[in-house]
Amino acid sequence: MLRTMLKSKIHRATVTQADLHYVGSVTVDADLMDAADLLEGEQVTIVDVDNGARLVTYVITGERGSGVIGINGAAAHLIHPGDLVILIAYGMLDDAAARTYEPRVVFVDADNRVLDLGADPAFVPDTAELLSPR
């Protein structure tokens, strides 16, 4: 049996741009892609913290160090510049690997710079001003 597990997430990134007239996808700063172990073309789910919208798309590489989180194509109807989003990637693991796998969890600041990098999906950094689910 394979289990679909959290592979990585970028938590509470700020959308910097939205372009309705683009072929699709989400543009992500290459530094954030590295931190979250995302590859160009990899499927991600985007959750908009501000309005609850959820969608599935794929990642394209943005300029390194730019902080870009760009919503492209039809998704720009749902997610707008300034919105806070969570980008989530999942992986399929066999049962043994799923029980020991540690995801990449990336918290960012308002400029989409890495604040904290860890493996606990429920961890909340002190600077995040969020409630821990634990």
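Yeah, the Cβs are placed from backbone N, Cα and C, and that goes for glycine too.
Substrate is bound by Gly73, Ala74, Ala75 in Swiss-Prot, and the record lists one more residue there from Thr57, Thr100, which is Thr57. For Ala74 (substrate binding site), the count of additional Cβ atoms within 10 Å of its Cβ stands at 12 [all protein chains shown].
Straight-line distance linking the Cα atoms of Ala74 (substrate binding site) and Ser25 (active site, schiff-base intermediate with substrate), rounded to a whole number, equals 9 Å.
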